[in-house]
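As structure tokens, the structure follows; a few thoughts come after it.
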Amino acid sequence: MIAIRSRNISTHGGGKSKRWGKDKEERQKENVWTRDQDLVGKLKAQERERNTWSSTFFLAYGSLGVIYGDIGTSIIYVFGQIFVNTDLTQSADVTVDIYGAVSLIFWTLTLIALFKYVFVVLRANDTGEGGTVALYAQLCRTMGFSPFGTMRTEDHKQVLALRSAGGKMYARPTLGEHRHRAPQAAAPKQAAKTKRPVILPYEPYFGFLCLEPWYINSLFRRNRWAQRSLMVFTMIATGLVIGDGILMPAFSVNSAIAGIDQHGGEAIDNGAIVGITIAVIVVLFLTQHFGTQKLAYLFTPIIILWLTANLAIAIYNLRTYGGAVFQGLSPYWIYRFFLKYGGRQAWIMLSGVMLCVAGVETMFAAMGHFSQPAVAIAFGLFAYPCLMIAYLGQGAYLIAHPQDAQNAYFASVPEPVFWPMLVLATLAAIVASQAVITGTFSIIRQATSLGVFPRLRIVHTDSFVEGQIFIPVINYTLMVLCIVVVAGFGGDAVRLGDAYGVAVMAVMLITTVLVTLIMIAKWRASLLICIPFLFFFVFIEGVFLGSTMYKVPSGGGVPLAGSFV
């Protein structure tokens, strides 16, 4: 009886243990589900805080210093590059030259920088990350392949399910966001009442024009050659961005320092300009290990002061020499410009015009530190108007002083503010170089995460913002190559501009192709939209690229060689 009773007790206890185990397992599942729901709620709360108007304008303010230094310093050298081989004093009607150049600059900035990048390309980001590698990563996930082959159908479905499980993707913290968001953390109810600033939808809405991209998806899934071609184009673009990181500091700093010659005369020779440029570049790269965050507070005030000062100078020149140059905004003067110089000569001069959009690819590559609305607001409401009016002011000055076309910027600066503007131009060039270097670090890290770039030591310079990184090997390699480029070109700003232009326009052309594939495969846009978009911008950028490739013998081959290496 004792044995039987003990057996019954043990049997009863075993059943109870099993039930208790099941209950424990169910409670664990419920706890996991509860934690997941809490996590989703926290992510949504963070997203609401991130997308408030105050946060957006704060990020827009910060983006001016980190992103727009590159395109902001283009006003130093654009007119000089356009008329580098042209003597406007011999022109029968100088207004055709100036109005034509102003019209080309205006429509290039408007169509490529404003329409293409702000309205389309910025929305093709990969969970807040930009750049050609981010575009390629999206295409891999959407079409179902990787750099190393086609995914299995089950793996592809799992990737897509994971991407859509949480609804809208949440981007990582951006530069300075935690400092702005900290006061709101104690008042979540107030944050919940704020509405998201809808500047543009996350993805464009095409309505009834949508289509199923099965054909192009199956083409890339079944064709290994197409996959490899896409990866090769992406790697070429990555190499060109690295080449941009070499050429941009050399070109922008050299162009700013060369302004000394405007007032220095024979006392400042070309060797001194080269030496000062190299010294500035060395200091710039040696301070990279401190991290962008420690210098970021200086960047935005410098660029805001730079753009505002040039806006004031432009208004002064427009009042002094008249506002007739506003006629140049009409595309009619582009026709007159080509008619005067002939097709070939005007086409070659386009290599100088395209430098006005140098830096828009940086706007896309570095947007991961901010947000799409913030970058769009900063460019559309501040950078774009300041730049366009600055070009108009230089145009008004050149109509009265055509002999200064090769050095239009520093010649148009009034005498009392020349030296302060020279110092400010040098600081702005340093900030612009910093933005390109930071973008280079980000793109190389993206390429490393895809497994298409060798693994290197990456140092995180900020304990909160994950995107603040420093790659020592890349940094010092860029420094050495920058010094070699400056010394090799002998401080010749014209040849440096030729090399820089090839890198800029080639990346833009590849970006156009990748974004078109995103529009078809991910956004499911109609071919009635995608094909005109592709052909329109491929034509424009192809013409610009052809004009820069014409100057390959004078230095344009440097970025091409660097990209293939």
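Using N, Cα and C of the backbone, Cβ positions are placed for all residues, glycine too.
Database features (TrEMBL):
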REGION    1-31  region 'Disordered'
COMPBIAS  20-31  compositional bias 'Basic and acidic residues'
TRANSMEM  58-78  transmembrane segment
DOMAIN    60-561  domain 'K+ potassium transporter integral membrane'
TRANSMEM  98-119  transmembrane segment
TRANSMEM  230-251  transmembrane segment
TRANSMEM  271-288  transmembrane segment
TRANSMEM  295-316  transmembrane segment
TRANSMEM  346-367  transmembrane segment
TRANSMEM  374-397  transmembrane segment
TRANSMEM  417-444  transmembrane segment
TRANSMEM  464-487  transmembrane segment
TRANSMEM  499-520  transmembrane segment
TRANSMEM  527-550  transmembrane segment
Between the transmembrane segment (499-520) and the stretches 58-78, 230-251, 271-288, 374-397, work out which stretch tops the count of Cβ pairs under 8 Å.
230-251
If contact means at least 3 Cβ pairs within less than 8 Å, sequence distance 6 or more, would you call the transmembrane segment (230-251) and the transmembrane segment (295-316) in contact?
no
Sort out the residues at least 6 away from either end of the transmembrane segment (58-78), same chain, that have Cβ-Cβ distances under 8 Å to it, and list them.
105, 113, 174-177, 180, 248, 251-252, 255-256, 259, 292, 296, 298-304, 306-307, 310, 352-353, 355-360, 362-363, 366-367, 369-371, 373-375, 377-379, 382-383, 386-387, 390-391, 394, 409-410, 425, 428-429, 431-436, 438, 493, 497
Would you call the transmembrane segment (374-397) and the transmembrane segment (295-316) in contact, using three or more Cβ pairs under 8 Å, pairs 6 or more apart in sequence?
yes
Quick one: find which recorded stretch in 271-288, 295-316, 346-367, 417-444, 527-550 has the most Cβ pairs under 8 Å with the transmembrane segment (98-119).
346-367
Residues of the same chain, at least six outside the transmembrane segment (527-550), with any C-beta under 8 angstroms of its C-beta?
111-112, 116, 120, 206, 209, 211, 347-351, 353-354, 498, 501-502, 505-506, 508-509, 512-513, 516, 519-520, 556
